[in-house]
Amino acid sequence: MSIFVLPGDLIVPGSTGSKKLKLGPGLVEQSSAIVATRAGTLHSKQRTTFFIDSDTQRYVPASSDPVIGTITARQAESYRVDIGSASPATLDFLAFEGASKRNRPSLRVGSLVYARVSVAQRHLDPEIQCYDATTGKSAGFGELKGGMVIKVGAKTARSLLSPTHFLLPLLGAQFPLEVATGVNGRVWLSSVEKAASGSSTTSRNSVKNTIAAIRCVQAYDEEGLDAKGILALLASLSL
Amino acid sequence: MFRFTSSTGKARSNPVYVQGFDNKDMDWDAETNAGITAPGETIVSSLEFMRGHGTFPDGDEVAATVAGTLQRVNKLISVKPIRSRYTPEIGDLVVARIVEVQPRRWKVDANGRQDAVLMLSSVNLPGGIQRRKLESDELQMRTFFEEGDLLVAEVQAFFADGAMSLHTRSLRYGKLRNGQMITVPPILIKRLKSHFCALTCGVDVILGINGYIWVSKHVKENQQVGEEGFDAESVYSNKNDYIDATTRMAIVRVSNIIKIMARYYYPISDIVLNQAYDWIVENDYELKDLLNEDIGEALIAAMSTTYQ
Amino acid sequence: MGSRVEILNPGGYRSDGRKQYELRSMDITLGSTSSSSSTVVHDLQNAMAHPHPTAPDGRAHIAHGLTEATAQVFGPREAQMRRDAIHDRANINVQVVMLPFSGGASSRRRGRGDKRLLELAAAIKSTFEPVIQTGLYPRSQIDIIVEIHQQDGGVLQAAINAATLALVDAGVALYDQVVAVSAGLHSTAVLLDLTHYEENDCPHLTVGVMPRSGKVTLLNMESRLHVSRFEHVFSVACEAAKIIKGEMGNTIGQRTESLVSAMAQGEPTYGRTAAADDMMDEI
Amino acid sequence: MPRPTSPSIPEKEFLVSAIQQSLRLDGRPLTTLREPQLIFGSELGWVECVMGKTRVLAAIDAKMVKPAADRPYEGMINIHSEISPMASSEYEQGRTSDEEVTITRMLDKVLRRSDALDKESLCVVAGQRVWSLRLTIQFLSDGGNMLDCACLAGIVALRHFRKPEVDVEGEEVTIHSPESRAPLPLAIHHTPICFTFALFSFPTTQTGSTAAPLISTLPSGSFSTHQTYALLDPDLLEETLAHGTLSIALNAQSELCVLQKMGGVPLDQAKVVRLVELAVEKAKELEIFIERSLKEDWAGRGLEVI
């Protein structure tokens, strides 16, 4: 059940019995009434947790969000990373798998990183880390080398993150493709073909494939094409 | 300065003749002056030479990037620019001016490509060398050096981006008083054994390799830093001592000599300064006359002849 | 409008007596003319007011006929505003000043925000950015100040040539020089180095060439010219740049020569020849 | 708003390798424009030009004024083109950015100094009443190359605008409303269109070797061994990383109005001439497109009263 709500709309929850309501992003309780603070479609899970899914461009960091960021400056103990939020995030030198005082990460100004938001309070600069705190493993996080990064809406980013989405498996079937999706609306795509010569240079068709993948994701983001539409687009591209 | 009109004769002379693009006015050509280079000009056409400063590789040629003289040391080709800002080397003695006070360090203008840095840790603290650095020192840095102060120091090291790190960790270095500073092109300062020179006319001169020259009142041996006549507390005082008229005249005379030398691009060293001073005293030129051209030229001519 | 004065008379002469392909006489002065400027006495308030020495590192004055421009180069030196310092190369900023009495259309307002001057400054900056070895001077700043003293056509040409000469005089490392010249078309005849009068009546363009590679780094045309004519005017202009390069090269060479011989006097090992004497009073 | 961060290293490297294989992010060949789309407003002389993500609005309004003393027979046209933060967060209100200087100067050269519009046709009563046109350019969104988009919007607005018919009896000047008398088009001599190329230059040794391509945004060094590429109508990323730009403004009669290569990476003479010839072809195609769009719009207006 998803209905479109505008900021200020009153939300009347269905029969939830005695269980306490959980309010997700976009909803706030004002004098015992639930009010929407963002425009978007209202979603509910197990009838108790409600949240509003809106297609914002500006990313508001929330903890444990996977994000893609660009290193903008290198400071004494940490990097400053732009993740598209109001204030830049900090990435500590030690926030990497197996990092220690001595072996510093080899990131430079301008490098791309895939990281997890560890601290995201309203009044603090967000902090991110390139490893999964629970396992201590990098779990796919770290520097993103080569490939290309594009900007998509928050809704598309979230849908790409869900495993059941049709787009990525469809593209993956066409050509070898690595994808990293950030909740902050940035998607990193790389189609590095293990060319016959074994060298991982951006050979001719790996650049072509990456561009094809980019255009499919953008088509889905802007025009909301379905699987058939994407396949048609791919066919027109592969000339 | 050098004034060249493209063709002989006055300003409004016949213009450069371009018909057929031959140029009859080429009275200076590159071949005969092989030692001189200009930016963008090919020096050597083969690649077996090693490239030094002032050159860059282009295809299979090596070209100059600055106007200057070619220097060849068996396999190494480099170009020494005739005019450029001071390029520091470790151990150079420089005269410098404090530009800004920052936490635990001073930013210093030493005529370099970037401001140099003087760390609080590389400065002698009042009360002799043994004194340990206290927390409070960091809070009263302006009692040591403040914006506008002049000092003499030595280049200790370089930062990653090429900025100089200076130190005054020896008794001869520190704050300068009782004199004035002249800036000359750094290339004119010859590298001497010691750049602290006491001229015969009773004036001290510090020839900074970075082209900043400090001309000041002579400090007698016993009051020199480290001797018993010297009180360690006043090493950072800003007070000038009394300077009598004759010393002031001597300081100004030496300063004018340095200015003449710089204008005529004549290398500067303590010997030359002494001789020039004696020559001026012999011909008893007025102080202010030194700056007009003919006396300047006569001085340079005199200096050159004594080297015959 | 007054009687039409011919741009090119039947005898093939232009209104100032030049032939079609003739350049105006060039007068180049390198280095600072004022005697005191190469030695600067540091008085305290002067240094406190602006810590940078007042003497420019490099200075050049060039005149193409009656058009005169002076360029001064300060730097590479500490960036005045930390924000501007770039971590791996020098930051170049250019300022063009058109003196009110310089004639031409400048008598009207040419204040700070005048877009024509801003465009000229932006052109000079992007022309020299790939030519200067900015990588050698990280976190520093190179200021190029160009003053237009007199305008009689070919202002952009004079500004570019003056800037090149000032950079060479300052000893800034350059991959190549940039030499500019203007060319125009009068019916079918190509004219070089146009005066203000000729610029008003003929379509004209200014070309900036890097002599070493022969490539074109600057091209500016603001008047209407048919494509078929363009190639001819363009190639003649590029050729003419070589001549101006020769003139500039002469001056740079002779200047360096005179400074080197002046320096040589001080070395005790070298005897001094009479030739160096008269070279001396040239300074 | 923090200054927009410059592109990341992977983006630079990807663009470099794409260009070297003559590929672009939106699939266009190197020498193809983004298909312009002209949206005409209800008012005459109001047009919005859309090229990819770049949108620019041009609107003309006219009023009767006293002419300048030294030019009694000529009307006036002045162009207002200030880039507001609406185009992109990179621009600040009130501060003249470099892009604004370039675009303002180019509009002045292409639309005013090129005599595209016959100023004398704007004269009503010599010395007393002339038309003074104001062309306002509003930058709606910066998707790269706002310069070409603005010039196209400006010239099409001039051709789309109609000025009211005017009768003069002695001192009496009557301005007829569009309902009573059909408004008249302006006297446009020619239609200059601007084409901007983003220039890229990489040392040839890099392409073949396995070393990562040169990613310095600003190549320098003697350019004799460099391979240069020219991308027509650059998008935002290409414009940001370009090593130089070349703008050519010309009309369909292949008459050059403005040539502007303000520094940046140098080109061979032959390459410049080739780009000029390419621009001539593009100008002809675009002229046909403009004609067609104006006709379609005009047909839909039904203003003909006769």
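In case you wondered, yes, glycine gets a Cβ from its N, Cα and C as well.
Caution: TrEMBL annotation is automatic and unverified by curators.
Annotated domain 'Exosome complex component N-terminal' per TrEMBL: B:36-73, in sequence order. Computed over the domain 'Exosome complex component N-terminal' (B:36-73), the whole-number mean pLDDT of the model equals 85.
Counting residue by residue with DSSP, the domain 'RRP4 S1' (B:85-156) contains 11 helix, 26 strand, 35 coil. Per TrEMBL, the feature domain 'RRP4 S1' maps to B:85-156.
Under the heading domain 'K Homology', TrEMBL lists B:179-219. Within the chain carrying the domain 'K Homology' (B:179-219), a Cβ under 8 angstroms from the stretch's Cβ atoms is held by residues 81-86, 88, 92-97, 110-112, 150, 152, 172, 241, 243, 247, 250-251, 253-255, 258-259, 261-262, 265-270, 273-274, 277-278, 281, all 6 or more beyond its ends.
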Helix, strand and coil counts within the domain 'K Homology' (B:179-219) (DSSP):
3 helix, 20 strand, 18 coil
